[in-house]
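Chemist: This structure is in structure tokens; I'll ask about it shortly.
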Amino acid sequence: MSLPERPGGISSEHRNAYRQSQSRRHRPADIEASSYYPVEGGRSSRHQPGLSANSFAETIPSPNNSFVENMPLSPTGERPAAPDQPFQRKRSLIRPERNRIDKDHPNYHYRKHAANMSTMPSATGNDPIAEDIEATTDVSGSRSQTLDGVSDTSPPRGHGSRPNSGEQEKKAPRSSAKRVSRHKSGKITKSTKKRSTPQEVIRPPSFWNVYCAIITFWCPDFMLKCFGMRSRAEQRAWREKMGLISLILLIMGCVGFITFGFTAVVCGSPPLRMRVNKVSDGYMIFHGTAYDLTRSGHPPAEGIPVPRGQRGANILWGMPGVDNRGKDGSFLFQNVNGRCKGLIEAAPNSEVPTNANGDLAWYFPCTTFNQDGKSEPNFTTPYYTGYSCHTSEKSRNAFYIDLKKSADVYFTWDDIKNSSRNLIVYSGNVLDLDLLHWFDSRQVTIPQRFEELRDTNTAANKAFRGRDVTRPFQSNGDKEIAECFEEIIKVGSIDTVTVGCIASRVVLYVFLALILSVVGSRFVLALIFQWFISRNYAAAKTSQSSDKRKRNQQIEDWSNDIYQAPARITGDIGSSVVTSDRSSKRGSTFMTTSRFSTVYGPDRGSSNKRVPTTMASSGGSGSQLLHPNSMYRQGNDSRSSFLRSDPYASNVPPSDGPGPAGFIHEAVVPQPPADWMPYGFPLAHTICLVTAYSEGAMGIRTTFDSIATTDYPNSHKVIIAICDGIIKGHGEEMATPDYVLAMMKDQTMAPEDVQPFSYVAVASGSKRHNMAKVYCGFYDYGAKSAIPVDKQQRVPMMLVVKCGTPDEATKSKPGNRGKRDSQIILMSFLQKIMFDERMTELEYEMFNGLWKVTGISPDFYECVLMVDADTKVFPDSLTHMLSAMVKDPEIMGLCGETKIANKRDSWVSAIQVFEYFISHHLAKSFESVFGGVTCLPGCFCMYRIKAPKGAQNYWVPILANPDVVEHYSENVVDTLHKKNLLLLGEDRYLSTLMLRTFPKRKQVFVPQAVCKTTVPDTFMVLLSQRRRWINSTIHNLMELVLVRDLCGTFCFSMQFIVFVELMGTLVLPAAIAFTFYVVIMSIVSKPVQVIPLILLALILGLPAVLIVITAHSWSYLVWMMIYLFSLPVWNFVLPVYAFWKFDDFSWGDTRKTAGETTKKAGLEYEGEFDSSKITMKRWAEFERERRSKANYWGSKENVVGGGNSWSMPPGHQYHDDYYSDA
């Protein structure tokens, strides 16, 4: 894979400046999707990192490149030697060219950019290896779809002598003579529009669409039309919503079945069981089963009178002279003539009745005995022989048929092994061998084996007593005897668990262990991150207090009011940081500085510690942000130029020509040396992006004040505000862009002279064409600012106002395309700078505007801080965030903690305080250990634009990566899944895209970076906000769960955590319902379900432990209690409402504008996109055209800055005291 070059590096490849997006192949009229072919004799652009001094391949000869051409704007050409060591790729088991790269590959679009670069011939004379470009890059198969008049062309260029130039002229692109520039093409003709219309391709319905159709078969389209869903898009969204709800209900049902139903199915309802010796007096035992005889009545018999008024005497306590309560009456109803037939026979002269078949009437004396086995044999017979033996058919039917058993009597193994009992276990039945002593030898004869087993002194008895004899009895021929014993001496059953109950317990404990491991690991790893890992990201020193507890208290006090200023507002970076260093208590007695010392402090370059790489430090000397021969040079090519008293002294009079250097603002903040590190790390240039919609003046002012007064040097930060249309907030006097424009001063151009420029918006239909104005200047704190005048720093600022096309000037919300479009304006701009691609007029103006107010090329910016217009940043937050970015190049995105400023406004805002706290310090801290924070809040986060790669001055795009920009700028949003991703949760989707594209890089949470914001204080606004957040969370987790390259493996992976989080989000309503059920059942029923209660206590109690251990404010314990009482709202009301509103893509009541009742989704755009209205050229072509219009084709001095002809006026100073101690 080709890598963009870092300034000062080599460029081994070149490319054709066109993009062919697979995701946009169905949009042939898309100006950005159309191919670009240079005319004959033209040269393909270079694969450079951007439009820095070393990357203007069309304009400036770069002495660090291997192949340099003579450019029309540069009459000189240099060819220095290339670096000795080329970039070496890491070893891999799979060769990169053998990887299958399809449209689903995370680096698909980036590989296309790399594959589209043409390779220049080698200087050795060897012919390059020609590859089939058509086969490798034209994935969509529509390369010839470029419209005449749509693809812009470069004018013919002159070339110096180089190998095979004649062959290249012969291989010029076909039909290049027919292509004309866009400004000459005019409007697109009808035939052209007809050819550009994408043909509808009939595809078979997907499985998901079929499933949704089956689920909603009962509601045909005409019924949906009756309920207001007239368009097919609305009907399809509703059907997909019902399909998703059905899956959610199915998942909830599965969770409920596993929680409550699985045990009942596989284990069943076990019968009532009673342990031996604990059978109550209301029961009587027969053959190991207890019967409730409290309401029994014995029919009249000899010796058993019938009490008056009753049907019979009670068997338990009504028998004369006998108390049967809790006793064993197995001998009263003996199982005879079964499996014991042939083993037990009548003795000679026996009184036991028998018949011709040898059947006996009874075996034992018909009496009762104690359940503890301590009764002695009793052979006395009252009244008559066979008394109480119940041998009649009526009495036996009354027992075996009519009497219902109440409970099983069970023995534990401790009972079996009791030395006072003579018990064995066979097939789960407990047999009492002592009952064999009740055989009357005068009445029956028994086998010798019976006598061996009952005698405790025999070897057989000692071998089997207290054990399970199932296997030995079945193997040694005693099976017949054992089965006989089961009928006559069974006293109960062993305490065993069925296979189904064992399985249910295994499942229960597996899920319990899983939940406990997830909850416990989240808690432990969150603590590890808070205590050990997070401190590595923070800056060593800032303008705020270094004491952690004191700083936390300052932050809590600061976050109580949205408009409250911090305890300490940082002033000039030179004074705030250097002074704090010199005021150290351990100061040296001897002088450490002199009048010759640099104002930037001690030299950091003498340290042997490896310094992290930044764009400014990668140039070698560390101080040259501009190329010595750059047309942007200011006469300050060395580090000493910052300290000269008259750095712009020149014998040549200044020029007021139209070159970019002639328009650099006189008050631009100077650039310090790259080795100046006031916070202990190299400074990286960053863009502070503020997206505004309908915010008021007060909210915008405090946001800009907080960013402008951050202690990060102003030379390395710039504020870019993008207003999403001409929108007037509800109750506001002016439109939001007017408020922002009033907060700028020293503008490079009068506001009334600023013209709108076209760009390609993220929309569909005619809305795809949009226009915006670019205002450049410096931030104006205002006359009544709360910031002291001596603390007001000069911060460069650029305002982009999306004003819309003239056709929508009279419509509501002109220029409004959404927050995602605002972000794409910057992301696409950064991508085109890094790859030196064709850009729109708006992007060209943005480039020049940034140059004018910062004095450096935009490709030097490495990070983007994204802040909403209602968010206030703590003074040292930006420093901590950039410290993490610089110290760990693998970090591609991070976020800070968001505090709530209106905690006590209402109960709605109060219940959100602790929810915000645990979402950061528990969830994001845990995810940061894996480097996979799944959601970087759009109100306060930072992304890396590009990252250093290797040690050969190479940079790879991160946020500016074509795959990220291409997917994030998707405008064909035709499914419910895409609409929830791109219309409701664009900020979270950007985090998902970054993780999906770069699964091996990190997204972390930096707790030292803090901001504050206002949250909804009415329930309807909260309901609308959380509907969007919950739905976007579900669909983003669906995307992330498919990424297999995230950190970890199987259950110990980030992918598994994402899956658990997805399932947990889907079953929130069922979970809270189950929780209340378990609590209520534990109160009203016995026995108490201990395990679920312990689990519930752990889940709800661990956050409180986190508060105590991490030493946060004790007030959060109160906020936690408020949060616990509001759990039904969080886990039931909000998710259920969000699920039912899956097909609602509006923003509801979150942020209304003047004259608006409810925010619409804004999905259906009419009209066709006319790409001829948008001009796209490379920067050099725009610059050449601008200069040609100005008729400024001067001498060599005017082109390359010879003689400092483009220097600033002699009176302009570089403000050396800006970084001094004064």
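Please read every residue number as a count from 1 along the shown chain.
Cβ atoms are placed via backbone N, Cα and C, with glycine included.
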Chemist: Given the ranges 321-342, 1157-1178, 1201-1222, which one is assigned the annotation region 'Disordered' in Swiss-Prot?
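Modeler: Feature region 'Disordered' in Swiss-Prot: residues 1201-1222.
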Chemist: Which of 204-224, 509-529, 1056-1076, 1116-1136 shares the most C-beta pairs under 8 angstroms with the transmembrane segment (242-262)?
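Modeler: Per the Cβ under 8 Å count, 1056-1076.
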Chemist: Quickly jot the same-chain residues contacting the transmembrane segment (1116-1136) by Cβ under 8 Å, restricted to those at least six beyond its ends, or write none.
Modeler: 903, 910-911, 913-915, 917, 1022-1023, 1026-1027, 1030, 1065, 1068-1069, 1071-1073, 1100, 1103-1104, 1107
Chemist: For Asn1031 (N-linked glycosylation site), name the DSSP secondary structure in the helix/strand/coil scheme.
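Modeler: It is helical.
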Chemist: With every protein chain in view, what's the tally of Cβ atoms within 10 Å of the Cβ of Asn418 (N-linked glycosylation site), excluding that atom itself?
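Modeler: A 10 Å sphere around the Cβ of Asn418 (N-linked glycosylation site) contains 15 other Cβ atoms.
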Chemist: Highest CB neighbour count within 10 A among the glycosylation sites Asn378, Asn1031?
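Modeler: Its Cβ has the most other Cβ atoms within 10 Å: Asn1031.
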Chemist: Report, in whole Å, the straight Cα-to-Cα distance of Asn1031 (N-linked glycosylation site) from Asn418 (N-linked glycosylation site).
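Modeler: Taking the Cα atoms only, Asn418 (N-linked glycosylation site) lies 63 Å from Asn1031 (N-linked glycosylation site).
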Chemist: Roughly how many Å lie between the Cα atoms of Asn1031 (N-linked glycosylation site) and Asn378 (N-linked glycosylation site), rounded to a whole value?
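Modeler: If we compare the Cα positions of Asn1031 (N-linked glycosylation site) and Asn378 (N-linked glycosylation site), the gap is 79 Å.
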